[in-house]
Amino acid sequence: EADPVYSVQLLKVAEELFSFGDEYRLEYHQSIPDVFPFYRSYSGYGDELLWGALWLYRATGDTRYLNKAQAAWEEFNLGKADKHFSWDDKKPGAYALGWMLQPNNTMYEDALKAYLSFLKIDAPYTPGGLVYLDHWGSNRHSANAAFISLWAAKYGDPAEAAGNTAWAEGQLGYILGDNGHSFVVGFGVDPPTHYHHRASSCPLPPQSCSQHNWGYVQPGPNPNILYGALVGGPNQDGDYEDIRSDYQRNEVACDYNAAYTGALAAMVDIS
C-alpha cells in the first residue's frame with residue numbers, strides 16, 4: 001500500500017517464481033547438491049506448492065491458485081502433518097492459511113485441528129512441559145507450534161480458543177524462563193551467554209578473532225550480546241548446558257526467531 005508500484009513488481013516476481021517451481025519440479029538439494037548434508041528438503045516440494053499457491057490466491061484473488069492448491073493437496077497427500085511447522089515443512093501453516101481463505105472448506109479446518117490435537121495429546125514432552133518435536137532446535141519447533149496454536153485461538157474455532165491460547169502460553173513460558181532459566185539471549189533469569197554465533201562470540205575490533213579460533217574456544221561469555229536470540233533448547237530429558245561448542249542446543253538462527261517472534265506478537269495482541 002505504501003508503494004503500489006513496487007508491490008506490483010513483487011507480486012509479478014512471486015507469480016513467476018511459483019510458475020517456475022511448479023513447472024520444473026526438483027528437490028532443492030537436487031538443484032544445489034552441496035546443500036544435501038545440511039539443508040535438504042525432507043518434506044519434499046509438495047507443501048511449498050500448496051503454501052505458495054494459497055499465498056498467491058490471497059494476494060491476487062485468482063481462483064487458478066486455489067485450484068493449484070487443491071491439486072497439490074491431492075497429488076502429494078498433504079492432509080496430515082508430520083510434526084513440524086518449519087523452514088522445511090509448511091503443512092501446518094498451509095492448513096491455517098487455507099482455513100482463513102476458505103472458511104467453509106473443512107479440509108483445511110480438519111487438518112489443522114488434527115495437528116493441534118497431536119501437539120496437545122500425542123506429542124512427546126520434556127519433564128518441564130516443552131513439546132519435544134525434534135532433537136535439533138527443540139525450542140524453535142515449540143515456538144513455531146505455539147504460533148500456529150495462537151493463530152487458531154484468534155481465527156479458528158471459538159470454542160477451542162482458550163485451550164489453544166493456554167497451551168501456547170505454556171510453551172512460550174518455558175522458553176522465557178518459567179522452568180528455571182531463560183532460553184532467550186539477554187532476557188530473563190539465567191539466560192544463555194555462550195551461544196553458538198560467530199560474530200557474537202568474537203571481540204570487538206581491532207582485537208582478532210581468528211587467532212587460535214578464539215571466538216569458538218574462549219571460555220567466557222560472548223562479548224557481544226545478541227539480544228532476543230532464541231537458542232536451540234534442551235534434550236527430551238530436559239537437559240541443557242550453555243556451551244558454545246554444543247551447537248545442537250546452543251545454535252541461534254533466523255528461522256529460530258521467525259515464528260517465535262510472531263507468537264510473542266500474538267500474545268501481546270491477545271492481552
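Placed from the backbone N, Cα and C atoms, the Cβ positions cover glycine too.
Here TrEMBL flags Asp242 (among others) as active site. Within 10 Å of the C-beta of Asp242 (active site) we count 17 further C-beta atoms, all protein chains included.
The active site annotation in TrEMBL covers Glu251 (among others). With a cut-off of 8 Å between CB atoms and residues at least 6 apart in sequence, the same chain places Gly137, Tyr195, His196, His197, Val231, Gly232 near Glu251 (active site), listed in sequence order.
Sequence annotations record features per position, and here TrEMBL assigns domain 'Glycoside hydrolase family 9' to 2-264.
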